[in-house]
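Student: Below you'll find the structure I mean.
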Amino acid sequence: MEGLNSRGVRAGWGAARGISQRQGPVPGFPGSGNLGAGSLGRVPPAPPPDLPRTPALLFPQKGVEAGPAAVAASREGGGAGEGFTSRLELKVPGKRKASTPAGGVLDSEPPFSSGLRRRLGQGAQRRRARREATVESWPQPGRCGPLLPRPIWLDNIYCTGREATLAACSSNGWGVTDCKHTEDVGVVCSDKRIPGFKFDNSLVNHIENLNIQVEDIRIRAILSAYRKRTPVTEGYVEVKDGKTWKQICDKHWTAKNSRVVCGMFGFPGEKTYNAKVYKMFAARKKQRYWPYSMDCTGTEAHISSCKLGTQVSLDPVKNVTCENGLPAVVSCVPGQVFSPDGPSRFRKAYKPEQPLVRLRGGANIGEGRVEVLKNGEWGTICDDKWDLVSASVVCRELGFGSAKEAITGSQLGQGIGPIHLNEIECTGNEKSIIDCKFNAESQGCNHEEDAGVRCNIPAMGFQKKLRLNGGRNPYEGRVEVLVERNGSLVWGTVCGENWGIVEAMVVCRQLGLGFASNAFQETWYWHGNMYANKVVMSGVKCSGTELSLAHCRHDGEDVACPQGAVQYGAGVACSETAPDLVLNAEIVQQSTYLEDRPMFMLQCAMEENCLSASAAQTNPTTGYRRLLRFSSQIHNNGQSDFRPKNGRHAWIWHDCHRHYHSMEVFTHYDLLNLNGTKVAEGHKASFCLEDTECEGDIQKSYECANFGEQGITMGCWDMYRHDIDCQWVDITDVPPGDYLFQVVINPNYEVAESDYTNNIMKCRTRYDGHRIWMYNCHIGGSFSEETEKKFEHFSGLINNQLSAR
């Protein structure tokens, strides 16, 4: 057998996907190219002076030290066992690079678990209203799997149970230990959470018990007009104390208190209400009052951060009274997306309307990486000093409530482009994040420190109208929807015909289960509920931004599903994380050139259908084809690996390439004229996916050679070099002129991603018949619409959606 390179390709066949020759940007290509195959190492002439300059594009920098965080982060490591069992690991800011895996905790003093429960919380929001998980036990030392060579950060740790983080517990100090990894500790967490939250802030009246606990808080609609609305925007503020709902006396209640409560329930602001009506209602029924008042500044993200005010007076029989007062009432102003003024609003796809701030990469509405628009270009925020107050300003600016969580460390994926803001300090009263105090210098920051948010959103009740049944775990199953038929609410299935990953993404988001990892058109192995076997929804087609499946286009009551419901009902599998593929636009621009390639060297390309239709009439011995060649480097900036849709059993063997291809359509290469009409396209038949290089100490996991597993690891990239077969667009029949070159990744949405809006790259292109210039290459959505118009002089391509659905 002939010698094979790292992808199992015959040496001498154009070094197909020549990954054994690892390289980054090709040094000889500043943005244009000369004609001819021998031009690979030449420096082409500069572009004509009338061409605009390319804006600076920043890609994630590698190996940059992260700034110190306020506290150490803890996580569960090792193999998870029954009931949330795992080894405990810590990541200590300032001790090692941010990308370095965490170190361990030793078992000298196991009773740290009561303090740990606040830190882990089994995925709950880390906020003042802690949804704590109790610690049932801890496993024997070293029982949660071996640990790679890493430091042991803590030894002889002891917690009282009141600490917010392990860093606040007593110990020998960071790195002071005489233990081995066979003594690594673990925890066994209960799947039941401790209900409610505590008011453990400093108190204004020195109440002896510093931990006032309530089980829940709600807005209870009193007036009939508000009881019928979704979401509830006005009513009594009530706390659940000792399993009893109690009102709060309004004697010391302020608009600032109302602002905090409204923010907790997903509303950006508050308004006045008709006090006379509520006074009349309060006189009809005796109230049960909570014995404390509150004192909020209005900037708190949760009411548990407010100070407790004076105790309410007690009558002679020790009942709480509200002398000359009434139950506290709030009236909240919903954001435009959640406004109940008309039900037609909910049928519209969710689109952020604020021009200066947006969220990207989040699984649910109201969460994502924060990006701001500055000088016409979108950029990220460095997480130095990022906190709930600043995050709440972003949430309210976007029409949500206060922030549930201020996310640091690019937990929602890394952005691209510049880092606009650093060290943000907000007071909480700003209308926009750009009104806050910040440092415009991002020196020392990189995209590993991109800030994100999770915002409070109103309770719309969408989760109650959808469920998954029959799956092996709560994250998968047959989709069943609740619809009204003949005046009754009934559960039924969704027809699996034309069901795809975009529809599955809407389902997973509606249920709060993250992203979709798979969409199933057949669910014969998931029996679901036997009383919900009838098809009640068909013809579903979503854009991907809907609040619920019911807001997608569908057939209504005219259901049509010829294949039936039991075996061909739609199903989904959800995941908390997803990949995010982004093309490096600079490398495309730097590596572009033209080549006239003889037809006798293109026989394999002809078999792969990589040439335009006119190639069939080209003389195979004397003819040639003019090829626009370029390199494409595709990064996975997401939070999980990108895996092909098809399993190994469905991969296709390509004899020319001597390896299997896992995706028939992974990338589209198109040349468009300025009215948006396609004049030439790449005909690359299929792709194999592997890790070419990775960031920092991330290990490669995938390679095409020897029938290896295929995919792109998070933090790695796959490089399709300019000199491999089919990595081109055949422009033999294209006349000279100005064009748009476009590359679209994952164009058919075959694999779920956290952000599809960055899957398209566009360049302005000028071809004079002998030379070609590529300029202004950028990722779709990187700039404002006005800037896009200046780049392209064509408004039809401003929308960076990949395809019309």
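Every residue gets a Cβ built from N, Cα and C, even glycine.
Whatever TrEMBL says is automated annotation, not expert-curated.
The annotation compositional bias 'Gly residues' is assigned in TrEMBL to 30-39. Annotated compositional bias 'Basic residues' per TrEMBL: 116-130, in sequence order. Feature annotation from TrEMBL assigns disulfide bond to Cys159-Cys169, Cys296-Cys306, Cys426-Cys436, Cys542-Cys552. What TrEMBL lists as region 'Disordered' is 1-57, 93-132.
Let's see these features in context: how buried, what's close, how far.
Tutor: Following the DSSP three-state reduction, the secondary structure of Cys159 (disulfide bond) is coil.
Mapped onto three states, the DSSP output places Cys436 (disulfide bond) in coil.
The number of other Cβ atoms within 10 Å of the Cβ belonging to Cys552 (disulfide bond), over all protein chains shown, comes to 23.
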Student: Given the disulfide-bonded residues Cys296, Cys306, Cys426, Cys436, Cys542, find the one whose Cα is closest in space to the Cα of Cys169 (disulfide bond).
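Tutor: Answer for the nearest of the disulfide-bonded residues: Cys306.
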Student: List every residue in the same chain as Cys296 (disulfide bond), at least 6 positions away in sequence, whose Cβ is under 8 Å from its Cβ.
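Tutor: Looking at Cβ-Cβ distances below 8 Å from Cys296 (disulfide bond), excluding near sequence neighbours, one finds Thr254, Lys256, Asn257, Arg259, Val260, Ile303, Cys306, Lys307.
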Student: If we check Cα distances from Cys159 (disulfide bond), which of the disulfide-bonded residues Cys426, Cys542, Cys552 wins as closest?
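Tutor: Out of the listed candidates, the nearest Cα belongs to Cys426.
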Student: Would you please pick out, from the disulfide-bonded residues Cys159, Cys306, Cys426, Cys436, Cys542, the one with the fewest other Cβ atoms within 10 Å of its Cβ?
Tutor: Cys436
Student: Compute the C-alpha separation of Cys436 (disulfide bond) from Cys542 (disulfide bond), stating it in Å without decimals.
Tutor: 37
Student: What Cα-Cα separation, expressed in whole Å, is found between Cys542 (disulfide bond) and Cys426 (disulfide bond)?
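Tutor: Just about 38 Å between their Cα atoms.
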